[in-house]
Amino acid sequence: MSNFYEERTTMIAARDLQEFVPFGRDHCKHHPNALNLQLRQLQPASELWSSDGAAGLVGSLQEVTIHEKQKESWQLRKGVSEIGEDVDYDEELYVAGNMVIWSKGSKSQALAVYKAFTVDSPVQQALWCDFIISQDKSEKAYSSNEVEKCICILQSSCINMHSIEGKDYIASLPFQVANVWPTKYGLLFERSASSHEVPPGSPREPLPTMFSMLHPLDEITPLVCKSGSLFGSSRVQYVVDHAMKIVFLNTDPSIVMTYDAVQNVHSVWTLRRVKSEEENVVLKFSEQGGTPQNVATSSSLTAHLRSLSKGDSPVTSPFQNYSSIHSQSRSTSSPSLHSRSPSISNMAALSRAHSPALGVHSFSGVQRFNISSHNQSPKRHSISHSPNSNSNGSFLAPETEPIVPELCIDHLWTETITNIREKNSQASKVFITSDLCGQKFLCFLVESQLQLRCVKFQESNDKTQLIFGSVTNIPAKDAAPVEKIDTMLVLEGSGNLVLYTGVVRVGKVFIPGLPAPSLTMSNTMPRPSTPLDGVSTPKPLSKLLGSLDEVVLLSPVPELRDSSKLHDSLYNEDCTFQQLGTYIHSIRDPVHNRVTLELSNGSMVRITIPEIATSELVQTCLQAIKFILPKEIAVQMLVKWYNVHSAPGGPSYHSEWNLFVTCLMNMMGYNTDRLAWTRNFDFEGSLSPVIAPKKARPSETGSDDDWEYLLNSDYHQNVESHLLNRSLCLSPSEASQMKDEDFSQNLSLDSSTLLFTHIPAIFFVLHLVYEELKLNTLMGEGICSLVELLVQLARDLKLGPYVDHYYRDYPTLVRTTGQVCTIDPGQTGFMHHPSFFTSEPPSIYQWVSSCLKGEGMPPYPYLPGICERSRLVVLSIALYILGDESLVSDESSQYLTRITIAPQKLQVEQEENRFSFRHSTSVSSLAERLVVWMTNVGFTLRDLETLPFGIALPIRDAIYHCREQPASDWPEAVCLLIGRQDLSKQACEGNLPKGKSVLSSDVPSGTETEEEDDGMNDMNHEVMSLIWSEDLRVQDVRRLLQSAHPVRVNVVQYPELSDHEFIEEKENRLLQLCQRTMALPVGRGMFTLFSYHPVPTEPLPIPKLNLTGRAPPRNTTVDLNSGNIDVPPNMTSWASFHNGVAAGLKIAPASQIDSAWIVYNKPKHAELANEYAGFLMALGLNGHLTKLATLNIHDYLTKGHEMTSIGLLLGVSAAKLGTMDMSITRLLSIHIPALLPPTSTELDVPHNVQVAAVVGIGLVYQGTAHRHTAEVLLAEIGRPPGPEMEYCTDRESYSLAAGLALGMVCLGHGSNLIGMSDLNVPEQLYQYMVGGHRRFQTGMHREKHKSPSYQIKEGDTINVDVTCPGATLALAMIYLKTNNRSIADWLRAPDTMYLLDFVKPEFLLLRTLARCLILWDDILPNSKWVDSNVPQIIRENSISLSEIELPCSEDLNLETLSQAHVYIIAGACLSLGFRFAGSENLSAFNCLHKFAKDFMTYLSAPNASVTGPHNLETCLSVVLLSLAMVMAGSGNLKVLQLCRFLHMKTGGEMNYGFHLAHHMALGLLFLGGGRYSLSTSNSSIAALLCALYPHFPAHSTDNRYHLQALRHLYVLAAEPRLLVPVDVDTNTPCYALLEVTYKGTQWYEQTKEELMAPTLLPELHLLKQIKVKGPRYWELLIDLSKGTQHLKSILSKDGVLYVKLRAGQLSYKEDPMGWQSLLAQTVANRNSEARAFKPETISAFTSDPALLSFAEYFCKPTVNMGQKQEILDLFSSVLYECVTQETPEMLPAYIAMDQAIRRLGRREMSETSELWQIKLVLEFFSSRSHQERLQNHPKRGLFMNSEFLPVVKCTIDNTLDQWLQVGGDMCVHAYLSGQPLEESQLSMLACFLVYHSVPAPQHLPPIGLEGSTSFAELLFKFKQLKMPVRALLRLAPLLLGNPQPMVM
């Protein structure tokens, strides 16, 4: 019988049995695919998947060939999660035919298809692989780089890779692949051996057989191998041995296992990157070209890749080589090679040449692996075979270049060769497993020998290599690792499933529902029908444990049978099984702790192997015990426990602890059946006595024992404590005391058990676990369970101080007397007392208390990896209270002692990585240091909440400190810990990719549908309504800028007008109004700049340009197309272009846009082509055009549509600003004849496209001072007209464009133009500006300019009218901000009448502007400075425009003077606009506003005709633009009024150009809806000069002086500068007060300014810091002296700055003056604070739901609950305190303290932990470090109420003193003198001892208390015990023999 019993008990029950069918199989049938039709035709499904017993085809991963019927295969892995997320589900990759199906489980839902792929040819293999995207190719870089997770699908000729992000790659394979493996670095390929390569006698050198590919875009390179030889030297060579097959590859550690088919041995190699010296060896070696003999000396591994040598190739075209690559090899080899290789088309060969990761010369890897007997090294071919292929520049590769190998394998271990090595003993399955103590084994299954070979390996001490140990053989038919619990499942030949840990056998696995095969062979007994028949009773558990010893053998092979017989008997056993029915055929797909079993009938089941322990307490204790025991014993201990725990019908969660205690104590030698507190353990955890297992009955008649048993059961305790029982007043039926004396005689320990010698060590680590659990408030129940075990052990080990320690913690649980088990004194010698064992119990509370009191403490012992909280608490107290900063950077031994028995390298290493202190974050104070350090070690708010409140207090205090003034650059985790959600959300948003904005405005649908879309619906109205809250100016702007509605044509019909004439009159009026309508889109583009995130599936809406009108009173339509009046041709073409630009500029730069979407927006109708051209230009300006495919750009340009070319060229140039991008340069050069070689074909490029291309060159080369470009552009400014009418019209705009482009190329370089001195740039420009003789054209374009134009007779002088503007602005830009006086003097306005007559007045504007821009620092924002630019002669003689009579003087030309005057003033104003652009400078605004008003007055003056209205309008427009630049984005009301006034003027001189200027001014004023402003960087000024060029077009098609498209370049000067505070709780924009600090400059000192956000910030380079000011919001500081990157990223993401409202405060919207805030109210009635506070008002000042509910339920009286008013008042005042001091997290601490004091008053303290916490709180507030902090920060808010703590202290003192007076003194005396105590007094005594820090009685006798006569003597004696005086005062009466206690 016993035999059978043991067989049963060592069974391990598997759980969760489920039938398994691969998910992909089912999905395949429904997946749309031609192949699943074939699947249906093959056979019925049931037949299809069944297989005969031996073959096991299901899921086989053998090579699939096309001729066989379709096979399936699949693999499973653990679900891959995000960092920090714990997942427990499977992912499956299923392959059948051409399909690959990837499915995933999830925590919450069923398995679902994640991705399915269908490829063109049958899939040979599919696998997961992570590629590393790294610039740095070193080994170290691997940890930090981003990983691209891919799925790879191998077909016969190529491999497809699909990344999770959706990128697809395809790589053609240059050889037939036998197998592909994922590695840590990428993919590893094994080449198939072609038939002729196998004979070893072949004289030709073999090719490499293994190759690697590190990224889908990298090349396939050969693998190198480094094998150590006998003499210590090692060789490096290619892997060429065909006999060497990879059988296993692992990523961590990165090792490869190979099998040598010739020698029949397995070897292990480490896989790593090639070192550079190894590269050189291989490459040099291969270039020497040695003969095969001297190569063959180094074993069979020598190998070199071949490639075609030049002489071989009869083919001249480089591309033919690729397709006919094998044609040469036919001569040297059998044709079969050719037939086996995949044929690869030219396109495939070339496809990888375009990949960005490759050089110019690598077309494909294909030709390089070809065979040729000439050359020894892999070479790359040059592209051309001509003799001078390398002479024509560096564009081509050097003639041959070897392939550089990337990975290398290093030999680690080879199995020893035995004599009887069988053929084909290749491992069929290999895996790595570790045992329960973390020792690692590499296991490989040799199926032919039915053996599992396990090799132990470990890392060397320096972590550089792996050391392999001995091999252990386990007989096995199949095996699989169970990673989760560090074990492996082995299927024995007999069909048994056995669990091993490492090589130690744990036990058989019992699978419910499957017959156990072992019964037929080992037992003749019939098996019970159900597995749960024989439930073991509690009594024989110790027997059960004893019997385990015999079964758990350390030897892996059962000694019951002879191993030789084992092999013989296998087959006949199998026969017996088949008669029995199904048996297990194989094991596969292990994930976590789940495996699939394949059964003999073809079905599969998936089972779960139970975990080692489910309850946290048992897990922690097991970890601690495992940590302290020697490895062998630890494994045995865990195996025993696992067998008990996992037996069929194992324990429930509740009773697991009881089982653990029993098991552990039995292993220590206890007889748990005889021990009072363990004998009645309930192993079921049930509440019903019926189900509770009874003891085995000794007799039929029954006895009193049954009743005793019931009374002692847990069930009885449960019932007894039940409320019903109390209410019925049933007297407790006591169990008759288990006659203790019966037991106590013979309760001794059995010293022969496994753990007997280790009892002290186990006791000590369990004590440390106990102290650790005290730091987790959620583990209270576990502590009570653990303390019972510890007390028993402490008593038996006679450790008095420990028993006393537990008594003080749990006075009711720990009786001072109890059952003691004797340990034979003879045996105690065998006990191992470890060195770390201390006689004084380590106490974490005591340690913290001593630190707070400033006493020295010994280091606290801790278990690495187990007692992490203790470690954290100790170090944080040391840092914050003791102020020791060194410990965060290094492990400090002065506070902690790490307990070790063996050097556990692994754990230590992990720790040091975890606790490293990252110095990236800026910290100043100790509090900040503590918080940042705690975050770095992974401490979170949740951890803080589970710490007891007294221990957590110092940490909370530090957090409170940091919360006040945190740094803005702290990482998200720190901000979360200190409770600043505003900052953590900011940090979190900061990490997000630029996606849809936070403040995206959801436009309510239906608002715009009935009316036409005006292109302005997508603005963020929420923010705009905050910026301009007082009025409706935004609606007004929208009305002024809309062009989608018909205009009102108001014409009065005079009597003399006929109807026909009246219609003409109306249409003429409409034509006038249309000039204005066509000018609106430019301004609208400015207003809506970057305000919209398009939906990628919808086209961009472009509003209509409506040129019709409505005439009142009947609203009749007026149309220009009626034919009554002449309308200019192409009138609307540029207006449409601007409309397209405006629509495109709405798109924000952060939008998700791709090439397809851009093409998708292309209109169907030709008339919309102009709009699309504008749209393309806009996409360039916001940076999206770079995504447009080159092919599409080419398509658009070849269409020859002029506008599209202009838009595209300007767009791509703006997108590539300043990059000197070669491809764009080529694109532009085609359109600029001057950049083409002189002999090239003359292309017919439209003039405007040339202008756009020239400006484009300027943009692409901006600021580069590129000599050739500058030279060409300089010449182009003065390019003369040609003979055949080319370059004869609109020359001015081309010359200007060349000047602007030259200025951009040399932007701000001034006189530092390196290498251009011979060009004389400034002199040449000066000549262009003032005129003179034309210089002779030099260089290659000389020919072009020989014959002059036949139309334009300029002679050989420069036409200044053409060249002056461009040259002037070029000078301005080259010398921008250089303050170069000499150049500026060239630009001074002429000061004599004679000279004035030589200069067009318009050019004086440009000269003045240029001069001021050069003398940047001299510009002053006042009218005096503006006037100072006007020469004296003009100032003195200029007429005042308001005068009636004109002074007459013959010499002076009044017209010239007055025109010169206004233009110079306008030029100075414009420069003022540039200087203060976007600054909202008040002086500049006032000055410019005054001049604008003046010009408006001049216009209506009687003698305006002298100056000319057109000139005055121009100057007014220029001044208005300057004003708008200064106030850009601010929406200033006065400027808006000016713009609105000018909008209404439509007649007379008001042409298209002036309207354009006025509406651009309006757009600038509301730039980007108030979110953008202008920058004054050099680049911005260049862009603004192009956009605001002060010569406006006369009509809508006028591009003579300036190309209209350039007006949109202002975008390059716009930058986001709006800061929008967003309330983090409501997520809505709000007002907040900012304090902005300006850096000091030469004009002003460092100053501070207060702004109410949302507001536009000044330019960031002017600022020092920005601060969100209190008191309403939490303060927040952004320090710009550390760099502006942080703020720039905030501004670019819509400027969202999260802010958090402080408690008791209302937002500025609700309470503008701050009179309603809570603090304002309390100041008014300060005297009755707590009473004045009504709980109802709390909702006004906090949004925390927990606080609101607290106020609702705890602070208001409720019916029938009878709470005392006193408690309600207390709660209300505490709540008020917490909320006003911003410490809501302290509320639980306040309440816990109050509850503890009340419990103490009722004398119901069953445990003293809360009293400890109160004691720690009081000690913290009286600690020295805290007092110092208060002195340093007197203004700091109080962290805990100063009135609350003294009351607490006083109440406790009173309660304990009262207890002393009513008999407590006798109790204390009895305790100190070691006499027995009264049961009822135990808990109060413990409270007294803890609170007053009374030492244990063991410490008292040496002092001799009784002899003391005076208090002074006592004081002296107690000094060394560090006992507080207040405690001594209470003890003195007892010790001095005075009965009256002294109460103070």
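Note: Cβ is positioned from N, Cα and C throughout, glycine not excepted.
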From Ser60, Ser227, Ser1317, pick the one Swiss-Prot annotates as phosphoserine?
Ser60
Which one of Ser339, Ser460, Ser564, Ser916 shows up in Swiss-Prot with the note phosphoserine?
Ser916
Tell me which residue from Ser547, Ser727, Ser1483 Swiss-Prot records as phosphoserine.
Ser547
Looking at phosphoserine as annotated by Swiss-Prot, pick the matching residue from Ser362, Ser1449, Ser1717.
Ser362
Write down the residue from Ser286, Ser925, Ser1423 that Swiss-Prot flags as phosphoserine.
Ser286
Counts by DSSP class (helix H/G/I, strand E/B, coil) across the repeat 'PC 2' (1366-1404)
23 helix, 0 strand, 16 coil
Average pLDDT across the repeat 'PC 1' (1297-1325), rounded to a whole number
93
Taking DSSP helix as H, G and I and strand as E and B, the repeat 'PC 4' (1520-1552) has 20 helix, 0 strand, 13 coil
Within the repeat 'PC 3' (1467-1501), how many residues are helix, strand or coil going by DSSP?
28 helix, 0 strand, 7 coil
